[in-house]
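A.B. asks: What follows is a structure written as structure tokens; I'll ask about it next.
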Amino acid sequence: MTDFRQDFLKFSLAQNVLKFGEFTTKAGRRSPYFFNAGLFNDGASTLQLAKFYAQSIIESGIRFDMLFGPAYKGIILAAATAMMLAEKGVNVPFAYNRKEAKDRGEGGVLVGAPLKGRVLIIDDVISAGTSVRESIKLIEAEGATPAGVAIALDRMEKGTGKLSAVQEVEKQYGLPVAPIASLNDLFILLQNNPEFGQFLEPVRTYRRQYGVE
């Protein structure tokens, strides 16, 4: 059985979603790698991405009744992942929000199935955690319960304090976060694939400087 986390990282490299080199993060840090989930932007890559999400969610063991995708990136993730979960025998409804409320038709900021039961939030990454916090407020305002958060990559980086954005969400809300892959998985990829050997030490140094346990 192959490691789907490694398969996901290799797939991300093939799609140029994951790149090695010298990049500057939003926090102003010099990073030896860059991950841009927005480049999963055609039917085939989105389908494969949704398969990875579905597998990661199932293996996480998180109990949930439906998916919620925060606008905008989470919208397609929720829809596509719901379809792939259905193929695996887990048929759940999904919903998403608008950035601005609509005053005609169905109105409001929520679209899709009513938010009920245990709601799993799905997004690409957790950076500042703003999207997750807003999603939790929406879910709780509808009388539903946040079940956890599914993301593509956990960079495992310290924020302003000693915790990463993912750890802060886990600590503040008591919610499990299920990434398809993490910085640890990326490190394993570099160790096991000599063609990426030149980036092993820069990633090791970056992890030592900014990483969390």
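The backbone N, Cα and C atoms fix where each Cβ goes, glycine too.
Below are the features I grabbed from Swiss-Prot:
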BINDING   K26, 72-73, 98-99, K102, 123-131  5-phospho-alpha-D-ribose 1-diphosphate binding site
BINDING   F34, F35, S127, R155  orotate binding site
A.B. asks: Starting from the Cβ centroid of F34, F35, S127, R155, the recorded orotate site, name every other residue in that chain with its Cβ within 8 Å, sequence order please.
C.D. replies: T25, S31, Y33, N36, V125, L153
A.B. asks: Look up R155 (orotate binding site) in the DSSP assignment and report helix, strand or coil.
C.D. replies: coil
A.B. asks: May I ask for the distance between K73 (5-phospho-alpha-D-ribose 1-diphosphate binding site) and F34 (orotate binding site), taken between their Cα atoms and rounded to an integer number of Å?
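C.D. replies: F34 (orotate binding site) has its Cα 17 Å from the Cα of K73 (5-phospho-alpha-D-ribose 1-diphosphate binding site).
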A.B. asks: What is the biggest Cα to Cα gap, in Å, among F34, F35, S127, R155, the residues listed as binding orotate?
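C.D. replies: The two farthest binding residues have Cα atoms 13 Å apart.
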A.B. asks: Restricting to the same chain and to sequence separations of six or more, state which residues have a Cβ under 8 Å from that of K99 (5-phospho-alpha-D-ribose 1-diphosphate binding site).
C.D. replies: A71, Y72, V109
A.B. asks: Here the binding-site residues are S127, S131; which one has the lowest number of other Cβ atoms no more than 10 Å from its Cβ?
C.D. replies: S127
A.B. asks: Which state, by DSSP, holds V125 (5-phospho-alpha-D-ribose 1-diphosphate binding site): helix, strand or coil?
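C.D. replies: Its secondary structure by DSSP: coil.
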A.B. asks: In the structure shown, which of the binding-site residues F34, F35 has the fewest Cβ neighbours within 10 Å?
C.D. replies: F34
A.B. asks: Quick check on the binding-site residues K26, K73, D123, G129, R155: which one has the highest count of other Cβ atoms within 10 Å of its Cβ?
C.D. replies: R155
A.B. asks: When you put S127 (5-phospho-alpha-D-ribose 1-diphosphate binding site) at the centre and draw a 10 Å sphere around its Cα, which of the binding-site residues F34, F35, R155 have their Cα inside it?
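C.D. replies: Hits: R155.
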A.B. asks: Please report the DSSP secondary structure of K73 (5-phospho-alpha-D-ribose 1-diphosphate binding site), reduced to three states.
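C.D. replies: The three-state answer is helix.
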A.B. asks: By CA distance, which of the binding-site residues (D123, V125, G129, S131) lies nearest to F34 (orotate binding site)?
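C.D. replies: So, spelling it out, the nearest of the binding-site residues is V125.
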A.B. asks: Can you check which residues sit near V125 (5-phospho-alpha-D-ribose 1-diphosphate binding site), meaning Cβ under 8 Å from its Cβ, same chain, 6 or more apart in sequence, and list them in order?
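C.D. replies: Once residues fewer than 6 apart are set aside, V125 (5-phospho-alpha-D-ribose 1-diphosphate binding site) is near F35, A37, I151, A152, L153, D154, R155.
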A.B. asks: Secondary structure at K26 (5-phospho-alpha-D-ribose 1-diphosphate binding site) (DSSP, helix/strand/coil)?
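C.D. replies: Coil, per DSSP.
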